[in-house]
Amino acid sequence: MLGFSSLRRYLSSFTTRPLRRIESAKQLAKTMTVLPNTYDEPVRIAVIGGTGLRELPGFTQVASLSITTPWGSPSSPITILHHQCSHNNKTVAVAFLSRHGTHHQIAPHEVPARANIAALRSIGVRTIIAFSAVGSLQEEIKPRDFVIPDQVIDRTKGVRPWTFFEGGVVAHVPFGDPFDEGVAKVVRACGHSLEGEGVVLHDRGTLICMEGPQFSTRAESNLYRSWGGSVINMSCLPEAKLAREAEIAYQMICMSTDYDCWHESTADVTVEMVMGHMKANAQNARRFVTAVLDALASDEHADLVQAKHVEGSIKFGLSTAQANWSPEARAKLEWLFPGYWN
């Protein structure tokens, strides 16, 4: 589990590339290329990168979108990437957003989750694969293992805006199964892409989402273990809840970096420990996301990627008749769901 506010300087040592390393004029020109700020086609799949996955090298960057929503601006520009599938050479557009900002300057409680989800939906996104570094709460989930959670326990403290439906309109959406099982099945089937001695993909688990940015106390860590918690992070919520409200199929992929502080045979979690495992996880994360995108791009998953199974679901959660919506709430929801309301 990560103390994100203290990672900023440490992260820069892995990401900064001095100009002296650029060995040719061609390379320099490439780094200075300005990407278009528009993209005309709908983009159905998005990857939200957290600590440990801040970029997707090997994909072709084709646009960089700066979008302003009624809930503000997202945490980073949305990069549109082209991915060429390995099995059929099909080119798939993917949106990439960095949850904590381009320079990892946004703490977990400061992430503009509503703007992130709204901006992605506005360009056509209906499926999100979200990555997050996590602490392990169980012996069998080792550092460098991956986990596909199927449940979450909310331990945030109410300081993060968590709904699109407020200020004159009320809606209650089901959240009994917080992740999309259809997308999860596709993701689990891609575990073969992970490499490294002893690396395991755990296909289910309960994720504890805590407030942060501080680490857990030992008592808290043991409490979460007693609840059956598998892993812990600071990023899943309200991201997953907002995706559900926005009718987007959402699945998180967790990358274990440490045993939190409950494990008596290891030292307490430190930034250095986390970053060592994170660096090892990064290459596996890129292999994994490539395999997942290949699978999602197949024709058999076309309806899944477009989230046809959740389309229209928010209308059943509305508690406020449209005639009674406030003008401000209506304007925001019409931006999020254009042409959706009577």
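Cβ atoms here come from the backbone N, Cα and C positions, even for glycine.
Because the structure is a prediction, the values reported are computed rather than measured.
The phosphate binding site annotation in Swiss-Prot covers T51, R99, H100, S132, A133, S235. Residues or ranges marked as site 'Important for substrate specificity' by Swiss-Prot on the basis of sequence analysis: S216, V271. Positions annotated as substrate binding site by Swiss-Prot, on the basis of sequence analysis: M234, D258, Y259, D260.
Location within the structure of each feature annotated in Swiss-Prot.
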residue : record                                     : DSSP class
R99     : phosphate binding site                     : coil
S132    : phosphate binding site                     : strand
M234    : substrate binding site                     : coil
D258    : substrate binding site                     : strand
V271    : site 'Important for substrate specificity' : helix
Using a 10 Å cut-off, grab the number of neighbouring Cβ atoms around the Cβ of D260 (substrate binding site), all chains included.
27
In whole Å, how far is R99 (phosphate binding site) from D260 (substrate binding site) when you measure between their Cα atoms?
22
Taking Cα atoms as reference points, which of the recorded positions S216, M234, Y259, V271 is nearest to R99 (phosphate binding site)?
M234
Candidate nearest S132 (phosphate binding site) in space, where candidates are the recorded positions S216, M234, D258, Y259, V271 and distance is Cα-Cα:
M234
On the Cα atoms of M234, D258, Y259, D260, which are listed as binding substrate, what is the maximum pairwise distance in Å?
15
Within 10 Å of the Cβ of Y259 (substrate binding site), how many other Cβ atoms can be counted across all chains shown?
24
Can you tell me the CA-to-CA distance separating S235 (phosphate binding site) and S216 (site 'Important for substrate specificity'), as a whole number of Å?
15
